[in-house]
Amino acid sequence: MTQASLGESVVQKTIHATHAQNNGVAASVTQTQPLWLLAEVTYRCPLHCAFCYNPTDYDKHTQNELTTEQWIQALRDARKLGAIQLGISGGEPLLRDDIEEIVVEARKLGYYSNLITSGVGLTEKRIQAFKEGGLDHIQLSMHDITEEINNFITNTKTFELKKKVAAMIKGHGYPMVLNVVIHRYNIGHMKEILEMADALGAEYIELANTQYYGWSLVNRSQLMPTREQVEEAERITNEFREKSGSKMKIFFVVPDYFSDRPKKCMNGWGEVFMIVTANGDVLPCHSARVLPNMKFPNVKDTDLGWSWKDSPAFNKYRGDSWMKEPCRSCDEKENDLGGCRCQTFLLTGDAEAADPVCSKSPHHHLIEQAILDARNPAIAAQPIVFRNDKNSKRIIAGELKDRVGELHALP
Ligand code: SF4
Ligand code: SF4
């Protein structure tokens, strides 16, 4: 799954929409309600994207996926808690043959459902079944306008297939919703990517600058553009937006590293997002399992309501009582709640510190160093570690720690 498929622009829109019309959920269910349920139904994937933000140790979780019945139960339980938006994601969700059943159940329960896919495995038969079953939305990831970069960054030959799938989605009357992860290899093609989206009839495109977790952190020095490239990409996007008017909504998700303040990660820990992973772990954020000394509940043996409301994991970083200085006394803390716990831990070794993206953080030099490194061709020339089972096993065995350590990404 692409990391910005739940980008903040989408989150804000969703929250506004669901507050306005909550499809029959009791009005009393208001505080810290999991509006979004993200079902990461499998970690298997035919693509091997260098920026994938699935866990680098995903290979541990490919053998014990939830069954169809367990997924359906999770959907029912989350709906009772107030969930209204369902993202069906992965890995590649279409590698499971029960997505049609899950979609039918989602419709019955009143979810607004969104399939987040690379397109591999989408056939006429399946899309027809999704349409009949009531799937609301399909979000397709695209990678570049060139076959060369598409195939390189995914380590597959999927360029032609993606174009066919885009046409199929449009042909079945779905809105064309594209997600393009932006990195050093495609940031110079911003205008052409927008023209491609326009030509495909896209109603919505998210230009999701790479954020550095999971595989993209391992490959950070290969993927990270320079500040000038990011500024130029944003300028081109704004210019295109002005010229093209409102027919295609364009979201340019600003990369954390190039901001002075962090984002309010997941719109606040345990505030609106609940993620159920392929093996049933219940998480407040996709990357949360990187944090030390945390035990996350699992739907196989724990009630989802308890997980959300009462579990120590979901309460650990709710609100701001966990904060240390400089966040604790910061007059901006309401805006970002101290940033992202996972990013902070991965870069500083202290999950309770201020996000190093923040210029007030004592660790901000780590971000400044990463930005400097992006200009260094020697660092950038390292080979990419593609997301695949073999590399996941290597990471589980501790093999690539040095590689990330050299880049100031671990303490
Ligand atoms: S490898 Fe690519 S397509 Fe597969 S889950 Fe990761 S980002 Fe998505
Ligand atoms: S010091 Fe902490 S709370 Fe204040 S702006 Fe920075 S990250 Fe946010």
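Even glycines carry a Cβ here, placed using N, Cα and C.
TrEMBL annotations:
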| type | residues | note |
| --- | --- | --- |
| BINDING | C45, C49, C52 | [4Fe-4S] cluster binding site |
| DOMAIN | 31-246 | domain 'Radical SAM core' |
For C45 ([4Fe-4S] cluster binding site): intrachain residues, at least 6 apart, with Cβ closer than 8 Å:
C52, N54, G90, G91, E92, L95, S118, R387
Check the domain 'Radical SAM core' (31-246) for me and report the mean pLDDT.
95
Looking only at Cβ atoms, how many others are within 10 Å of the one on C49 ([4Fe-4S] cluster binding site)?
27
